[in-house]
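Q: My structure is below; once you've seen it, I'll send some questions.
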Amino acid sequence: KTSTRTRCAFEVAARDQGAGVTYLEPSASQIGHKESIKDTARVLGRMFDGIEYRGFGQDVVEELAKYAGVPVFNGLTNEFHPTQMLADGLTMREHSDKPLNQIAFAYVGDARYNMANSLLVLAAKLGMDVRISAPKSLWPSENIIEMVQAVAKETGGRILLTENVQEAVKGVDFIHTDVWVSMGEPKEAWQERIDLLKDYRVTPELMAAAENPQVKFMHCLPAFHNRETKVGEWIYETFGLNGVEVTEEVFESEASIVFDQA
């Protein structure tokens, strides 16, 4: 997958530590096209000390890790976004005077993919209080839920899944969301997703429902919060929405810490 923040973060971090970086563009690489993942992993593992992979399938990054013989970092797959969790956990700690295991946060929106899954894992491992709010058809898979519940039993983490968004955000310190249509999905998905998620937009009213004047808004970006992009304008012209998963008022408010996070 293409990338702005993730690629830049890896490259800046590597160069700050004196490491060299080679970027293989999706269109220029033969991975999975003319050369198998297994073969590619064994070649790259002989040339590099580490590999960051950003793509669609979790199975691909796991196969790279199996055969490369060097550390492989998951820069994002459809299922997980672990490096973003380093940023999210740090950002929540920086913007709270509570220890991590006393922080409560909610994720609202489409909860089937990498951000909701990864936030569940983060909360379970660190003993945090996480609430996932989405229509039941957009909840994480049963396998993910069972996995994080088992981990949370060991750490004291608290996990709630609910369709009631007001219940989810009450008393939280942070409200997270993400885009409703992910990279690679067809335009036709927008209508269905908007119909399902219209009550899960992060608005000033939803922020107020936290009943916490210090509540912060988080989003891994990019966000559809106004009409200032081609996609944002198309959404406005097609569906009449100026901003999708979050309103401009919340995104640009003092409660928004998205640029610290991203």
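Each Cβ is built from the backbone N, Cα and C atoms, and glycine gets one as well.
Residues or ranges marked as carbamoyl phosphate binding site by Swiss-Prot: 3-7, Gln30, Arg54, 81-84, 219-222, Thr247. Here Swiss-Prot flags Glu94 as site 'Important for structural integrity', drawing on similarity to another entry. Taken from Swiss-Prot, the feature L-ornithine binding site covers Asn114, Asp178, Ser182, Met183.
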Q: If you measure C-alpha to C-alpha, which of Arg54, Gln84, Glu94, Cys220, Pro222 (recorded positions) come within 10 angstroms of Asp178 (L-ornithine binding site)?
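A: Of everything listed, what lies within 10 Å of Asp178 (L-ornithine binding site) (Cα to Cα) is Cys220, Pro222.
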Q: Compute the centroid of the Cβ atoms of Asn114, Asp178, Ser182, Met183, then list the same-chain residues not in that set whose Cβ lies within 8 Å of it, in sequence order, for the L-ornithine site.
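A: In sequence order, the nearby non-listed residues are Leu76, Asn78, His81, Tyr113, Met115, Val179.
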Q: What's the most sparsely packed of the binding-site residues Gln84, Asn114, Ser182, counting other C-beta atoms within 10 A?
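A: Least crowded of the binding-site residues Gln84, Asn114, Ser182, by Cβ count within 10 Å, is Ser182.
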Q: List the same-chain residues at least 6 positions away in sequence whose Cβ sits under 8 Å from the Cβ of Arg5 (carbamoyl phosphate binding site), in sequence order, or say none.
A: Cys220, Leu221, Ala262
Q: Look up Ser182 (L-ornithine binding site) in the DSSP assignment and reduce it to helix, strand or coil.
A: coil
Q: Does anything in the same chain, at least 6 positions from Met183 (L-ornithine binding site), have a Cβ under 8 Å from its Cβ, and if so what?
A: Lys1, Thr2
Q: Rounded to the nearest Å, what's the C-alpha distance separating Pro222 (carbamoyl phosphate binding site) and Ser182 (L-ornithine binding site)? Just drop the number here, would you?
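A: If we compare the Cα positions of Pro222 (carbamoyl phosphate binding site) and Ser182 (L-ornithine binding site), the gap is 11 Å.
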Q: Across the record's L-ornithine-binding residues Asn114, Asp178, Ser182, Met183, the largest CA-CA distance in angstrom?
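A: Binding-site diameter by Cα atoms for L-ornithine: 12 Å.
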